[in-house]
Amino acid sequence: MTTQAAEVAKRRTFAIISHPDAGKTTITEKLLLMGQAIAVAGTVKSRKSDRHATSDWMEMEKQRGISITTSVMQFPYREQMINLLDTPGHEDFSEDTYRTLTAVDSALMVLDGGKGVEPRTIALMDVCRLRDTPIVSFINKLDRDIRDPIELLDEIEAVLKIKAAPITWPIGCYRDFKGVYHLKDDYIIVYTPGHGHERTEVKIIRQLDSDEARKHLGDEYERFIEQLELVQGACHEFDRDEFLNGQLTPVFFGTALGNFGVDHVLDAIVDWAPKPLARIANERTVEPVEEKFSGFVFKIQANMDPKHRDRIAFMRICSGKYEKGMKMRHVRLGKDIRIGDALTFFSSEREMLEEAWAGDIIGLHNHGTIQIGDTFTEGETLGFTGIPHFAPELFRRVRLKDPLKSKQLRQGLQQLAEEGATQVFFPERSNDIILGAVGVLQFDVVASRLKEEYKVECAYEPITVWSARWIDCSDKKKLEEFSNKAVENLALDGGGHLTYLAPTRVNLALMEERWPDVKFRATREHH
C-alpha cells in the first residue's frame, strides 16, 4: 500500500448531529478524551508540555481578531486519524450546520434518552439523507430517567425512516443503571459512576449466561433476559451494507457525562464507518487516492471583530495531499495561488499545517475572494456537486435607516449571501429586500457586519413568509404561465434564481398540487 493509500485508509471524517441539550458538547469532550487529546475532559492540554494550550496560532488569532470556534477537531485513536466536525447548537444554528454535513463521510446522532427524537435532529437527518450518509446513533443520559428503550428505537424508525439495530442494550437506568449488554458479542460492560473526567479501565463480565452476570443483575436478571428476547425478536440485526447505504443505524446506549459508552461509538466509527469516499464533480468522479490535490469549501467562518475582515474558509480535501507552500488553482476565478499558511485543528490546538490528506479539513485565510462551494485543484477544472443552499426557515424584511445607501446595502447583502452568512431575496413586485436564515443569530450577524463593513444601518420588520422554494420547470410555456399567475409571491435570490416565497404551508401545498409540472425545490446547488 502506498503512503497515500495508507493515510487515506486511516481517516474517518464524521459530524455530530443532535438537538440542543442532548449532550453533544459533553460527548465531543469525551471523544477527545478517548483520543487522549485532552488529559482531563474540559481542560485542553498542550502536546508540547503540560502547560495549557497557548500555541503561536492563538497569538495570531488575537492579532487578526478572528475566533474559530472549535468546529473541527482532529485526534488519533487506535492508530486511525479521526476528523470530528462539530455542528453548532442553540442560537448559532445556521445554514452552515447543514452544509457541514456535506463535508463528512458519516455522522453520529446523539439523542436524549428522556426526550427521544426532537425537531432539530429531524432537520439534520433530512440533510444526511440527501447523500445517504451512514449514521451511528448514541442514546444518551442513561444516568437519568429515560423513556422505554424499545419505544425509543420505534421512534427512530417511525420518525427518521431508518432501521435501528441495537448493538448494546441498557441494564436499568437512572439510579438503577448497571451498565450495558453487548448484543453482538455477549458481554456486559459494568457502569461505575463518578469517572466522567478520566479514562478508566472498564469492568467486563463475559457471557450473560454466567454466575457473575446473575450476581451483577440480582433480582433484575430474569426480567432482563425476557426483555432481551423481545428485543432480539423485534429488532433488526446489524448489517454493514445497509449501514453504509444509510438505511440502517447501529444504536448504542450510555451516558456522555459519566463517560460511559462513548468508546463503543468511537470503535463503531473506526470499524464500520467508511474511510474517505469518492466525490462527484460535474466533470467526473474524484477518488481520494488520486495523486493530484483537490478540495472544496463548505463553510466560511466570519469574524466578529469589526477591525479585521479576515475570515477562514474550511476546506474538505477530496484527493491528493496538501503540502505547505503548494500552488493551487482557485477554479471559479481561474487563478493560481500559493498556500503557505493553511491551518489544521489537531486536538483543539490550531497549528500551521505541513501536510494533510484526503478526508482532512483544513482552514484557508480568506480575504473575501473565496465563496462556499469553491473548488481548489492542482490545475484541473473541477466543480464538486452536493454543496447546496437550503431553504431558509426564518424571514425578515430589511428596512434601511438612510435611504441614500440602498446601493451599499445591496452590495453588502450580495457579498454576505455569497459567503453563506444569509440568503437574500428581491421580490418581483416590490422594491423590498427580504432576508432568509436558518437561525435567529444570522440576522444579528448580518446587521452588525453591514454596519461595520459597509457603513449601512438597517432594521428588520416581520414579513409573512413561511418558506422559500426554488423554481424549476423544463416547459418554458408552463413556467411563463406559472410566473404570471404567482407573480405576487415570486422573487429572485442573490444568485438570480427564481424563488417562490410561500406565505403559509397550506399555500405551498396548494401550489404544488395546482402546478404539477413545476418543481418547488427545498435545496439549490451552489454554482
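From the backbone N, Cα and C atoms, a Cβ is placed for every residue, glycine too.
What TrEMBL says about a protein is an automatic prediction, not a curated fact.
What TrEMBL records for this protein:
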type    : residues              : note
BINDING : 18-25, 86-90, 140-143 : GTP binding site
DOMAIN  : 9-277                 : domain 'Tr-type G'
Worksheet entry | In the chain carrying L142 (GTP binding site), residues 6 or more apart in sequence that have Cβ under 8 angstroms from it | G113, P170, C173, Y174, F177, Y191, F253, G254, T255, F260, G261
Discussion item. With Cβ-Cβ distance below 8 Å and at least 6 positions apart along the chain, what are the contacts of T87 (GTP binding site)? List them in sequence order.
Written reply: A15, I16, I17, K24, T97, T100, L101, L124
Item to complete: Work through the binding-site residues one by one (S18, D21, K24) and point out the residue whose CB has the fewest other CB atoms within 10 angstroms.
Response: D21
